[in-house]
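Chemist: Swiss-Prot lists G10, P11, E12, G13, A14, G15, K16, T17 with the feature ATP binding site, giving sequence analysis as the kind of evidence.
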Amino acid sequence: MNGYFFSFEGPEGAGKTTMIGKLESFLRERGFDVMVTREPGGVRIAEAIRALILNREYTEMDGRTEALLYAAARRQHLLEKIVPALEAGRVVLCDRFVDSSLAYQGFARGLGVEEVWKINEFAIDGYMPSLTVYFDIDPQIGLERIRQNREREVNRLDLETLSFHDKVREGYRKLAKRFAERIVVIDASRPLDDVFSETVATVLSRLEGSKRHFHESNRDDSCWT
């Protein structure tokens, strides 16, 4: 496959969706064939699962149920949208991928990262981004951004405690340390233009390098902590 697979991660309110939109425009202006998608969602079945997972009324949802639903949505999304785009040689910008499950369900929910990885390993069948940009921000700042943004949907995860969101951030940081080759950390608390400039530089450096859509090394689940 000749496409590029890039994912973008971050706690709630980190601004990743805004960055992806700006990056899409930047790359299109330079002639790249770009596809933007999101998780959970991206295709009909996955969007239906998204509505179920993020529904604020389902506060009783079990952590394992949540993890399994995310993995199911991811599988369908991958097969219907991501793989065909990669086969067509497109640049895929994905708003969240498997690292979200590892950080949210594995770390913050306390299910265990190895356990959550095993579920997702079955779902993704070896497909991993060649680059993951993690937008790091203090959860208090991120949640305040959400409260101030009236256009953004407030979902079930937004209503979690600050302690939960602190654990999500801790999980992401551990993943970034474990997979330093793939995950690039960007300080998202800085001005928008500064964050965007670093994001562009990071993505362009990979576009000018290898065209592999996933790293075989990322399939090694022998050490997650």
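Positions of Cβ are set from backbone N, Cα and C atoms, glycine also.
Would you situate these features in the structure and describe their surroundings?
Modeler: Sequence-distant contacts of E12 (ATP binding site), defined as residues of its own chain at least six apart whose C-beta falls under 8 angstroms from its C-beta, comprise P139, G142, L143, I146, L157, D158, H165.
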Chemist: If you count CB neighbours within 10 Å, which one among the binding-site residues G10, P11, G15 has the smallest count?
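Modeler: G15, out of the binding-site residues G10, P11, G15, has the fewest neighbouring Cβ atoms within 10 Å.
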Chemist: Helix, strand or coil at E12 (ATP binding site), per DSSP?
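Modeler: In the DSSP reduction, E12 (ATP binding site) maps to coil.
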Chemist: Measure the Cβ-based neighbour count of K16 (ATP binding site), defined as the other Cβ atoms within 10 Å of its Cβ.
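Modeler: Total other Cβ atoms inside 10 Å, all chains included: 24.
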